[in-house]
């Protein structure tokens, strides 16, 4: 099974592809999709959609795992994040991928053993858990790897 993990965002979206071959997890790829905050929102969403579509076409995942979001005190920020999630979910649906959502605390607990772990702890643990991730330095990318890892570990 190949899982596409997604840390949804409008400005800096993290993605990662992790495969399971028999009992072993294998990191395949990851990256960041950055958009310019000065661009109009529909153009930013289109860029996220087209870039993530290239990832889907290249790696052919069976499932997408996406981090659930919380409602921010800033309603505009929450709304923009909702737009990004909608664009992502629409793409997932268009390619008929199974999808699972995970709460941030569940991802943190699965990867670090502690549901309130800091970003640097997640980054450290994914480097220990999945060979090939040592070059990752961006926390959004690390979160996406952690989300894909969690999806595999939870056996969903």
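Just so it is clear, glycine is given a Cβ too, placed from its N, Cα and C backbone atoms.
Among the features that Swiss-Prot reports, active site is placed at 7, 67, 140. If you look up Swiss-Prot, you'll see 7, 140 marked as Mg(2+) 1 binding site, on the strength of sequence analysis. The Mg(2+) 2 binding site feature in Swiss-Prot is assigned to 67.
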Active-site residues (7, 140), the one with most neighbouring Cβ atoms at 10 Å: 7
DSSP-derived class (H/G/I helix, E/B strand, else coil) of residue 7 (active site): strand
Local Cβ density at residue 67 (active site) - other Cβ atoms counted within 10 Å: 23
C-alpha spacing of residue 7 (active site) relative to residue 67 (active site), in angstrom: 6
